[in-house]
Amino acid sequence: MRPMRAGAGAAGESCKDDGVRPDDVSRLTADAVVRRVALLAVHTSPLAQPGTGDAGGMNVYVLQSALHLAKRGIEVEIFTRATASADPPVVRVAPGVLVRNVVAGPFEGLDKYDLPTQLCAFAAGVLRAEAAHEPGHYDIVHSHYWLSGQVGWLARDRWAVPLVHTAHTLAAVKNAALANGDAPEPPLRTVGEQQVVDEADRLIVNTDDEAKQLISIHRADPARIDVVHPGVDLEVFRPGDRQQARTALGLRPEEKVVAFVGRIQPLKAPDIVLRAVAKLPGVRIIVAGGPSGSGLASPDGLAQLADELGIAERVTFLPPQSRTDLARVFHAVDLVAIPSYSESFGLVAVEAQACGTPVVAAAVGGLPVAVRDGVSGTLVSGHDVDQWAAAIDGLLRSNAGAQGALMSRAAAEHAATFSWENTTDALLASYRRAIGDFTAGRRRKVRDPVAARKPRRWTARRGVGA
């Protein structure tokens, strides 16, 4: 069975012979009103700078989706773990958007893999905040990443509202594509992800490929999956003046420049870009990002590699960039390279293309959706350095003249299909479907006391997909 796309009508065969007809569910979905949403992002704050620590595309997704939901008149509260004593309990980001910094465990010294021990404390903080409101304050809970999902289904049960979950990444997928030096995801995460998949009322994924992974690995119900592409801020990321951007970054007008943007860790494979560029005389590379995850073990490792390759004078290291500064980097370079071993979508690829900059990307995960091979960039199968050097060289050569202008225009046009407005439409469709299904489910329980006593999906299952 194919997963349902957000916006497609269909409510499942389970409504037959239980007192609630499919037409009833469709009507409940159409009538569903989303007024207030609780977003859960335990392990990383939407206010953190992408490219540092665990902050990346998910942070952008959570913040931008909240801002755009608020523009539709929906109140959004984002719950994240406080990581410093100076973090205020509540931050009003914009009209209709609050970030609640929940104290759960020590502020420092914990990484993502320590956080399962603090989920009870985090859940208590979330429930305590909700208790200050009138009953029924939130209409829906949307959890991001498996840690948040663990809190999400507890909140769902307490508040009697549906849970929508976005995994962003899956342990089994990451473990199947480990880079040298990367630590595998622990079994605890695999078990936790299975629990959340079983408990969530709806599952939102970035691509059809991710939906297939959820179905094959975690036996997710295809009828509960909605495909929602992330968006890009087309006001910030849009074509700009290359020479002006190069002047600001101290780059020569005529030189060929490649950029790597992201967290510096084995999973993102920045070393592949350096090794490939080392084979291309005269090509400069900009690396924008900070060490993260396994990369923290050797924070200067990439600079040392540049020295070993003899290209240190051709490499410019920049700290993680603000959105406006990142757009300037994209304007300045000839192409952006994304050689990740695993990538659920690849938001950087879309942001670069929105600026009219073509992309060379690994043909993994969601990148074949984010990049149109041969139109807005080039996809590379595998991580062979010679193949990457050839792909980068080929795109640099084709960028010259009229062909380059055509690809730049095609890149911007492709990226424009990933607007946050489209993403918000799809999110709301998924939310309404979740509310409709959830309401119908509660009516079934009222009409069928035996069904109300049936075990939870998770407790009824045997084994965990891996």
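A Cβ is built for glycine as well, from the same backbone N, Cα and C atoms used for every other residue.
As annotated by Swiss-Prot, region 'Disordered' applies to 1-22, 446-466. Marked as compositional bias 'Low complexity' by Swiss-Prot: 1-12. The 1D-myo-inositol 3-phosphate binding site annotation in Swiss-Prot covers His43, Asp54, Ala55, Gly56, Gly57, Met58, Asn59, Lys112, Tyr145, Thr169, Arg189. As annotated by Swiss-Prot, UDP-N-acetyl-alpha-D-glucosamine binding site applies to Gln49, Pro50, Gly57, Arg263, Lys268, Gln321, Glu343, Glu351. Per Swiss-Prot, Mg(2+) binding site is recorded for Phe330, His331, Val333, Thr357.
Positions of Swiss-Prot features highlighted on the structure.
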residue	record	Cβ within 10 Å
His43	1D-myo-inositol 3-phosphate binding site	24
Gln49	UDP-N-acetyl-alpha-D-glucosamine binding site	15
Pro50	UDP-N-acetyl-alpha-D-glucosamine binding site	26
Asn59	1D-myo-inositol 3-phosphate binding site	24
Tyr145	1D-myo-inositol 3-phosphate binding site	25
Arg189	1D-myo-inositol 3-phosphate binding site	22
Arg263	UDP-N-acetyl-alpha-D-glucosamine binding site	22
Gln321	UDP-N-acetyl-alpha-D-glucosamine binding site	18
Glu343	UDP-N-acetyl-alpha-D-glucosamine binding site	26
Glu351	UDP-N-acetyl-alpha-D-glucosamine binding site	27
Integer Å distance between the CA atoms belonging to Val333 (Mg(2+) binding site) and Gly57 (1D-myo-inositol 3-phosphate binding site): 21
Spatial neighbours of Pro50 (UDP-N-acetyl-alpha-D-glucosamine binding site), counting only the binding-site residues His43, Asn59, Tyr145, His331, Val333 and Cα distances within 10 Å: Asn59
Neighbour-count leader, CB within 10 A, binding-site residues: Lys268, His331: Lys268
Distance in Å spanning the most remote Cα pair of Gln49, Pro50, Gly57, Arg263, Lys268, Gln321, Glu343, Glu351, given for UDP-N-acetyl-alpha-D-glucosamine: 20
Between Arg263 (UDP-N-acetyl-alpha-D-glucosamine binding site) and Thr357 (Mg(2+) binding site), the C-alpha gap once rounded to whole angstrom: 20
Site with most surrounding Cβ atoms, counting all protein chains shown within 10 Å, from the binding-site residues Gly57, Phe330, Thr357: Thr357
From Asn59, Tyr145, Arg189, Phe330: binding-site residues whose CA lies within 10 A of Gln49 (UDP-N-acetyl-alpha-D-glucosamine binding site): Asn59
Candidates His43, Arg189, Lys268, Glu351 (binding-site residues) - the one closest to Phe330 (Mg(2+) binding site) by CA: Glu351
Secondary structure at Glu343 (UDP-N-acetyl-alpha-D-glucosamine binding site), reduced by DSSP to three states: coil
